Each structure stands twice: as C-alpha cells, then as structure tokens.
Amino acid sequence: MAEAGVAAASLFGADRRLCSADILPPAEVRARIEVAVLNFLAALTDPAAPAISALPLISRGAANRGLRRALLRDDVSSVYLSYASCKRSLTRANDAKAFVRVWKVMEMCYKILGEGKLVTLRELFYTLLSESPTYFTCQRHVNQTVQDVVSLLRCTRQSLGIMASSRGALIGRLVLQGPEEEHVDCSILGPSGHAITGDLNVLSKLIFSSDARYIIVVEKDAIFQRLAEDRIYSHLPCILITAKGYPDLATRFILHRLSQTYPNMPIFALVDWNPAGLAILCTYKYGSISMGLESYRYACNVKWLGLRGDDLQLIPQSAYQELKPRDLQIAKSLLSSKFLQDKHRAELTLMLETGKRAEIEALYSHGFDFLGKYVARKIVQGDYI
C-alpha cells in the first residue's frame, strides 16, 4: 500500500522508464509524509501483511542507472534512475538502523516545513545527532537518508526544507537582479566574486542580464581568482563560475538557470587533468548519481576546455604527478559508467597509461598571465571536446 500510495504521486512525463523527484510546496510534502505514515500503520494492522512493513525506495544501484541521451548535438544528456526498487526493512539487521533513520529524517522535515524554515544538511546532522545519537553518528548517515526520503516521497531535497550548503561564486559579464530589486554587477567585484546563496528559492527568482558570449566553469577557487584578478572577462566576454571543488547543488542550479536563460551561450569546463577533474566535469554535464531522481534538473551541456592530453606539451615534466589510489578508484568508476563519451574515455585511458596527472597551476611555468591567454586561445580556436 505504501508503495502504491506514494509512488503513484509522480510520473516523469511520458517516459515511464525515468523516475523523478517533484518540486513541491510544503503542504504537499507534509501530505506525502502523512500518507507514508498512514500506509505504514495500515500495513501494521493488516493481518495479511508482514509484521513490519518495508519502505519501498527507488534503487540508486548501478543496474538501475541510465543515461537519457540528447537527441540533438546541443541538447543536454542526463543521468536518470529507472523504477527498480529496493527496500529498507526493520526485520533485516543491516537495514534496521537505516529504516529508523528514514522516519527520523521525515519527522524532522515535517517539523521544519511546518515552521516554514530551511536548514542545511550540516544543521540537520547536528540536530539529529543531539536527538538520536544512536542512529546518526556521521554526516554520511544524514546525506544517505535524505536521498532515501527523496526516493520515498519523490520530491526534491529543497522541497523537504533542506537547503544547499553553497561554496560557489561567480564573476564577469553578468548583472543579477534579486527579488527585492537589488542589483549586483558581477563585472565590478573583487576577485572572490559574488557568493552563491544555497537557497534555491532565491536563485530561482534571480533575473539575469548579460552581454557575455561564454560561460567558463572553473574547478578550483585559486584558478577562478587568478582569472578574475586578470579580469579575463574584460577582453573575453564571459561569466566565470566555480564551486571550489566538487560541484554543490546551488552552483549546479544557477549554472543550469544560466544555460536555460542563454541557450546559445556555450559552457566550458576548466579542470585538472586527472580522474577527479573529469568526474567534476561529468557531474556538471550529466548530473549526480546519488541525486539521480533530480539530476536532470541541473544537467548542462558542458564542453571540456582543459586541461587535456593535447595540453601536456605545455607543461614541464617536473610538474607531472603520479596517479594516487583515489585517482585509480575514480577512474575505475568512470570507466564502468554508461555515460562516459568516447573522447572523455580516451583522455582517461591516457591518464591510466601514463600513470600521470597534471594540475592547471602547472601552466604558471609560462608566467601568471599565461592562463588567461591559454583559455582565450582555446575558445577562439574551438579547441574543446
């Protein structure tokens, strides 16, 4: 009953293979939580049902993942989850705590939404740690359980009242107009740029004005600040954006909004030449596996500008580094995925064959002003994949 009652609440268009998470108002999310509770209680009182009902969740395992491929060259491909399910059961030893965690998080979300508040994952962790220390001993427990709740209720994380913890920033040829009519001219800011709020509701209401021709996604904050300090956007009409490492939800959200507002503005990624850099690019391009139910909402058609294998001739041998065990682990995961395109796979294979990795900073061997020239040259020459 729980599976039918909650799962039937949302369908993803006409494609029944794809399962999605809806953007919902607080009242609707609270109603879905109430339905889940009622279904669970009904199962407990049904003589024909098992003594303890299991929670039906959409599986995030590899067998249930797929890639919705773009039909046209400039369209966006994205990761999706199909309808294969898994269960959290109180009767299985390995699942018992995870089963309880789902109810604890739903209880907390019900309270948060009733109070009209938003909390970060970190705030949620410390609250649950103080109230239920037996079940929540690390941040990972909260992160995984939130995705379980998203899977059960089929609503987005933001709809649960959980706000993204944004590290992101942007700068360049862009003016932001907020809901209170305030304007931010991102072309006159210091090299740290404009901090991206974690509140997706605020980001969804921003009005953009731009004469840029390109968007450049930068992996590292230090590289972002170098390009901003050089004011690359003064001679190359562009917007710079960074998540300062692995892309957080808010940075992906605003990048997607920019791509929707300016569909003819190409997006380029500047990442390290290592498996982690490619993984970051793929998250922007296809979405996150862990958030498969809502990944399609944030996927963008991102091109790989650099670093790439063709750029290694610009880097001195002394700047190469050995691949680390973590690099090999990421590479293995990427190679086994369904979405890695051929040219990306070739780059990853070259990394493994050479056993080397290189960071963008290695280009500083040509001087600090070389980076901006490198980026501009590659864009103008169409040197990206």
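Residue 1 is the first one shown; counting continues down the chain.
Cβ coordinates come from backbone N, Cα and C, glycine included.
As recorded in Swiss-Prot:
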ACT_SITE  Y126  active site, O-(5'-phospho-DNA)-tyrosine intermediate
BINDING   E219, D272  Mg(2+) binding site
DOMAIN    24-169  domain 'Topo IIA-type catalytic'
Over all shown protein chains, what is the count of other CB atoms within 10 A of the CB belonging to D272 (Mg(2+) binding site)? 21
Could you tell me the mean pLDDT over the domain 'Topo IIA-type catalytic' (24-169), as a whole number? 81
Y126 (active site, O-(5'-phospho-DNA)-tyrosine intermediate): secondary structure state under DSSP, collapsed to three categories: helix
